[in-house]
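I have placed the structure first, in the form of structure tokens, so that the comments after it can refer back to it.
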Amino acid sequence: MAAPRRHCARLVRSLLGAWHLGPRAGREWESPPGLLLGNQVRCVSCGGVGAAFSGPLLASASSRYGQDSALDRILGFPQPDSLLAPSVPAVSVHRDEQNLLLVHTPDMPENPRVLRVVLLGAPNAGKSTLSNQLLGRKVFPVSKKVHTTRCQALGVITEKDAQVILLDTPGIISPVKQKRHHLELSLLEDPWKSMESADLVVVLVDVSDKWTRSQLSPQVLKCLTHFSQVPSILVLNKVDCLKQKSVLLELTATLTDGVVNGKKLNIKQALNSRRLGTHCPNPAEKDPDTYSVKNPQRIGWPNFQEIFMLSALNNKDVNTLKQYLLAQAQPGPWEFHSGVLTSQTPEEICTNKIREKLLEYLPEEVPYNVHQKTVMWEEGPSGELVIQQNLLVPKESHVRILIGQKGLLIAQIAQEVGRDLMDIFLCDVRIRLSVKLLK
């Protein structure tokens, strides 16, 4: 039996072909090559050097991508004990293998269930952070700066007979902001396109932002109104940042127009019992125009089915939401193989991870002016993934900022990106970043 499997593996690899990205580009400013990250900080052990592939041979995928690889199941390699807790699949480091998995016939059970979920919210509400926590791997970029997510990305949760497809959309914006800041058209269009195929909408509100939390954004309300037939739930995020938890009750009343799942909320009674004589300022006191009788503009949505109050960084909170989503899945065929975690290519994941760090460490407009170009993506001599990406900037001053004193900043970015990619690909990663002046 082993011989036919090896023959099948060779056939698949030969169909997929080798993955190389041309010659190495000249380097001007580069992060120190250093040692293989996996030898220093191993997030996950993924097998020895002898298991690495060479030429047309496709070895057991678990030797490179960790246990319970989807490719192993497709090719018929032995699987670990299925009684263990469900493992989160890794993403293949090869685009062709990832594409093969995306189009492979779903390995669904006899009575499959499926749910397509769209995450809506203002920029920087925490949608990508929540998506990463729900998926179990940080495949989407996260930053405190706005517009980290530039286009629609897809994540897949598969447990038992249910499959939940997460559509992580860019922060929903107005056409005016899109034009004013010269943002991609996808930031404006993708949330609306996602809604067309949604089974459930998750509206995320950052309750730590006192300037935006008191009302749903006009763009979110417009989207909910246009697709009013799609069920929706409200998620109040970052509740751990609030000192006065009673504010949550007031926000709930405001953002739902006092109605949840068709029932009117009795917020006043709950507030009186919680305050016990202690005054807690109402959001209307800080922003009276929003709540003025003279301002008839809608600020809440009365059709939410459920409300969740959580911190996207708290696993217990997120798991409660995850179990709810899995329970909402309706009978229907799966769209993806259970080994699919995201629709992104490995190169897109890498580019987004680098962009995440640039947004985190670079000031003001600098990270938005960096052009990224991957010039190397190949297997190293010990089976590790070797990546080189050029970071092109328009000004000499930006070059100095990005390199940092004695090259420490660019080295730190490379190290952190490598660490994150190891957790996503479940293999050792060596990454080099070169900073060049855009000509």
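The backbone N, Cα and C atoms fix where each Cβ goes, glycine too.
Please treat TrEMBL annotations as automatic predictions, because they have not gone through curation.
On the 0 to 100 pLDDT scale, the domain 'Era-type G' (113-332) averages 78 in the predicted structure. Sequence annotations record features per position, and here TrEMBL assigns domain 'Era-type G' to 113-332.
Positions annotated as region 'G1' by TrEMBL: 121-128.
According to TrEMBL, the feature region 'G2' maps to 147-151.
Positions annotated as region 'G3' by TrEMBL: 168-171.
Residues 125-126, 130, 204-208, 248, 309-314 of the same chain, all 6+ positions outside the region 'G4' (237-240), place their C-beta atoms under 8 angstroms from a C-beta of that stretch. Taken from TrEMBL, the feature region 'G4' covers 237-240.
Counting residues per DSSP class in helix, strand and coil order gives 2 helix, 1 strand, 5 coil for the region 'G1' (121-128).
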